[in-house]
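Taken verbatim from TrEMBL:
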DOMAIN    47-125  domain 'RRM'
DOMAIN    220-340  domain 'Fe2OG dioxygenase'
REGION    524-578  region 'Disordered'
COMPBIAS  524-552  compositional bias 'Basic and acidic residues'
COMPBIAS  554-565  compositional bias 'Polar residues'
REGION    608-632  region 'Disordered'
COMPBIAS  611-632  compositional bias 'Polar residues'
Amino acid sequence: MDCTVVNNVKAAARRGKEVKKVLRKQLKASHTLLKHEGISTASQPTKNLVVANGGLGNGVSREDLSAAMKQFGNVESLFMPPQKPYAFVTYRSEDDARKAHTQLNGQKLQSGENSVTLYLSYVDSEKHKEEVLVHFPEELALVEDFVSPEEEILLLAAVDWSTSNQAQKALKHRRVKHYGFEFRYDNNNVDKDKPLPAGLPEECLPVLHRCLQDGHINFLPDQLTVNQYETGQGIPPHIDTHSAFEDTILSLSLGAKTVMEFRHPDGRVVPVVLPERSLLVMKGESRYLWTHGITPRKFDLVPACETQSADHSEPNLVSHGGLTLSKRGTRTSFTFRKIRHEPCCCAFPSACDSQGGSSPCPPSQPSLPSCHADATRLEEEYVHRVYDAIASHFSSTRHTPWPRVCHFLSALQPGSVLADVGCGNGKYLGVNPQLITVGCDRSSSLVQICAERGFNAFVSDALSVPLRTDSCDACISIAVIHHFSTQERRLAAVRELVRLLKPGGQALIYVWAYEQEYNKQKSKYLKDHNKPQNGEKSKDKPEEGQEPHEEPSVLTTSHLDNNYTGGLKDDSKMTESKLSVHTNRTAFNSQDLLVPWHLKGRKTRGEEEFSSSLHTTNCPDSKLSPSVDTSQVPGGSSVPVFHRYYHVFQQGELEQLCIEVTGVEVQTSYHDQGNWCVILQKE
């Protein structure tokens, strides 16, 4: 046979295999969309397409996807749901949609630094979604273009980063310089009797006088903090200390735009786009009650250019429609404040340190670790020793296995080897008696409880499990990884789970979620906030709350394409403030915190030994460590209150953590009663 003919036959065979491969992946994407997102695809051509892997959640910008789609005809609409790995495209004609379907299926799209493979399917009708308009926090105002480009240049030049003094700090997540008074991050306050030698830069005075004339302030600020954020850097959610500063706070954004998130104690979240040269004015409720922070990431979700000029009849509205990705640049913020010399008498005593509310920085609480040694000390004091002390009481509140975890365990083949890493009292070790199960936990007291219940368990750190590599068919890690205090240690915990798995083996991971309200439904943890402070067993079950009465809702399907770019927050490198103590049964206002455990009833022998062996210079009259406090109960007696460290995970953070581990695929992710959960498979 002629060589040319042979080569043509081989080429045709290769093309046939490639077409079949694309078809298989397209069908898999369609099934995934139906199973996890409820999106039904059509077998016959329509003018409407769903584009798997072409979403904001995959790091695809609206501009890049729109340009790719417009190559094949007139696009009537493009809808990209926030954080989702897919998009909806409607063409003016069915013929144009057919062209895109034929030409783009299985093709790679380069969007910035991300390369994704697109899989298109027809849908019967256009996917409509009303534009969501969210009100600004009360008394928050944003003034765009408050300074001119020329003023911006002068202000940026006024900050001399080359000189070093006590008021200039090179923090791990940003550069900071103070004027007028130094803001001290060790106590979140200012030393009002020690003003800095230099006042505010003269270049700021015209801007501040304009703020006076426009009515944004009725006094001239005497303190300035300049923060410089490189791409990917941020600042944790916080409230400027009430006792330190007067009411109005001004924040001028220079150099680049960013998105600042405002969070209300009831769980509401309002993302506010801060364009360059804009002025943010925080007064009243927005200054005293809402936390504000910037999530560290390289891209922000912002309104697309064509929607930014939309004329909304109401001021102070944030649009969630027509979003795209915006790459961050170097942003410098000028935050102007007025030192307070009298106690704060605001209308928000629950958040006011002057009125006995939650102090933003309890003086006896630890800071986030800055190195490996700090992390091990923090976890030893605020995780390991606490669980050994409360083991008996903790076990009494952990008796009913969760349905979704049981489903995972029941689906395993008989004879499968299961490792429960961080098994606690072993409540999951006996769910499926057809499995060969072994558990491990850092707490020897909890492992002893497992032994008393007839389970195989041993004491081990989750970062170094003494089991052979590739020895387990499945692993579970339920409410464990959120106790590691740095990103590196959380990542190492996932790697250790994957190491234990055989090729093809699966791991189920649960972590506590920052978002305790999801899909407009509050978790049981928040729903139970009105229960009595003492005597309610469920109060001290934060990571699992009460048993759910409905199936958890599925969030995303990361195995469409592992290109999530939401930005993994590394809080171990982004805060210099103390860890706050969380108020049980309320929404979170920080990702890293201490959660109280109220020990009820008579202490066990182990708890008595633990308490008597501890000492602290912070409490000279107490034998309790910084991780233990006391609270009064009816009758006047006091009971220990232990504090456990947690890093609560934001949406998408657990998936991003997992896909950083090589040789593993995220099969499914979902939200289950206030927890983020994933199922991994080892390749």
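Just so it is clear, glycine is given a Cβ too, placed from its N, Cα and C backbone atoms.
Secondary structure counts, DSSP: the domain 'Fe2OG dioxygenase' (220-340) has 9 helix, 60 strand, 52 coil. Mean pLDDT for the domain 'RRM' (47-125) in the predicted structure: 89. Counting residues of the domain 'RRM' (47-125) by DSSP class, helix then strand then coil, yields 25 helix, 29 strand, 25 coil.
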